[in-house]
Amino acid sequence: MEKVKQTIRAPRGTELQTKGWVQEAALRMLMNNLDPEVAEKPEELVVYGGIGRAARNWESYQAIVDSLKTLESDETLLVQSGKPVAIFKSHEDAPRVLLANSNLVPKWANWDHFRELEKKGLMMYGQMTAGSWIYIGTQGILQGTYETFGEAARQHFGGSLKGTLTLTAGLGGMGGAQPLAVTMNGGVVIAIDVDKRSIDRRIEKRYCDMYTESLEEALAVANEYKEKKEPISIGLLGNAAEILPELVKRNITPDLVTDQTSAHDPLNGYIPVGYTLEEAAKLREEDPERYVQLSKESMTKHVEAMLAMQEKGAITFDYGNNIRQVAFDEGLKNAFDFPGFVPAFIRPLFCEGKGPFRWVALSGDPEDIYKTDEVILREFADNEHLCNWIRMARQQVEFQGLPSRICWLGYGERAKFGRIINEMVANGELSAPIVIGRDHLDCGSVASPNRETEAMKDGSDSVADWPILNALINSVNGASWVSVHHGGGVGMGYSLHAGMVIVADGTEAAAKRIERVLTSDPGMGVVRHVDAGYDLAVETAKEKGVNIPMMK
């Protein structure tokens, strides 16, 4: 991949570079994904998650930009794995962009085949929100992480993480949310990363409190704050596959253990034991097969240590990076003895159509986001948990790139919020249109048996019709851009997922599209969980009037 040193930053204000606000939104969000404040390696078009890219290569990026600038409001741009391949006449209510990223026929859906295609310039890895142009930095996963640790606290520690120690690893674009999510829940956390730049970045953005290279110092500070029942987050430089076994050897057992290293990609994401970043980069280039094998061996040690901590009483869970699968394939037959975070903590939210709803101020003015915060506090005042989140986010979350906010809203709530936002744009309360989107990690848009659809009640973990149906209904209902991806979060062969974005530009046409899309999108989550036999989903569907032909 050619590295290009250029600073990309989305335009601000109300002057259009394109022929309409929906095209402008797509252009600005693509550029925002590559803002140095947002992207992990913008010079390589990498947004987050190992090699999750916004465009296939720099030539494709420029062609996408040029296409969006000339795209008419009754045309649709098609993007195939980060490359613009066609512009067709459609209609004004159709999506302006349709994206398909990293999709492979199942028999060939593995990293080896993907890398062959990538080398030939035929494919890119889109992760989830990298290739679909709706990544907003670490805040994008923060509330989900906060909810996960909050539910762990409710289930196991009386509702708070005060006086507890969480041990985790991985402080990249996704995992970087963990330190702040734990301290927001009152706990102490040691978060390990092998890359000092990742820790520095989290400290700079106030997601992590302190840095150390010493395990002894990390433990001393953690114990001091744990005894005081005060929160603190400690970024520890090191390799988790070395540090966790060392803690097991010393008989040190944290209260909570998880992991968000980029284990989904053994070649580009995980650093084997005994290698510096520079040595790892050299080996990756010279002998990728050996690198992958060493990575897998290190991951197996990592999981063995997590299992040992679980046996000693630590609440242990997989945080969706497929590390258990790698260890299992390497011969660790009890690798799945600890659960994934979705069945352990998040699925009840999915049954209610809840998920990581996000919005972005295209104006670039933080005041637009603060005004929308007030809408949440006013319109959803009876949801104290949600309002607490908004208050904490305002105080503690620093914007990356265009100002944005995330909060988990459910079926009915998303459409209500979208309507209000569109009205605020229409009457001038907000200075420019708002982009509304979500992660692909949502209630009805993913098939991922080791993550979002792990341990489904009816055994339908691997059924991949649901994300396809999600993308189809969102497209016909008028989402501004829709994406279908493969391999996000857990790597090639293990997931299919869909994303949608809709623009609130203040028009009556947008209001109708928002009503349709922000009803059908979370509605798919309710439907998917009704179909799997979840009582809470059935209750939600009946209460909200979701039309499900065979529901009992």
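A Cβ is built for glycine as well, from the same backbone N, Cα and C atoms used for every other residue.
Here's what Swiss-Prot has on this protein:
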- C407: active site (ACT_SITE)
- 49-50, Q127, 173-175, D193, 239-240, 260-264, 270-271, Y319, G489: NAD(+) binding site (BINDING)
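Remark: G173 (NAD(+) binding site) has E40, V47, Y48, G49, Y135, G137, T138, I141 as non-local neighbours, by Cβ distance under 8 Å and separation of at least 6 in sequence. Across the binding-site residues listed here (A263, I271), the residue whose Cβ sits among the most other Cβ atoms within 10 Å is A263. A strand conformation is recorded for the residue listed as 'active site' in the three-state DSSP classification. For C407 (active site), applying a Cβ distance below 8 Å and a minimum sequence separation of six or more within one chain yields Q143, F357, I376, L386, W389, I390, A393. Sequence-distant contacts (6 or more apart, same chain, Cβ under 8 Å) of Q260 (NAD(+) binding site) comprise T168, A169, G170, G172, M174, G175, Q178, Y319, G320, N321. D193 (NAD(+) binding site) counts 29 other C-beta atoms within 10 Å of its own C-beta, drawing on all protein chains shown. G173 (NAD(+) binding site) falls outside any helix or strand according to DSSP and counts as coil.
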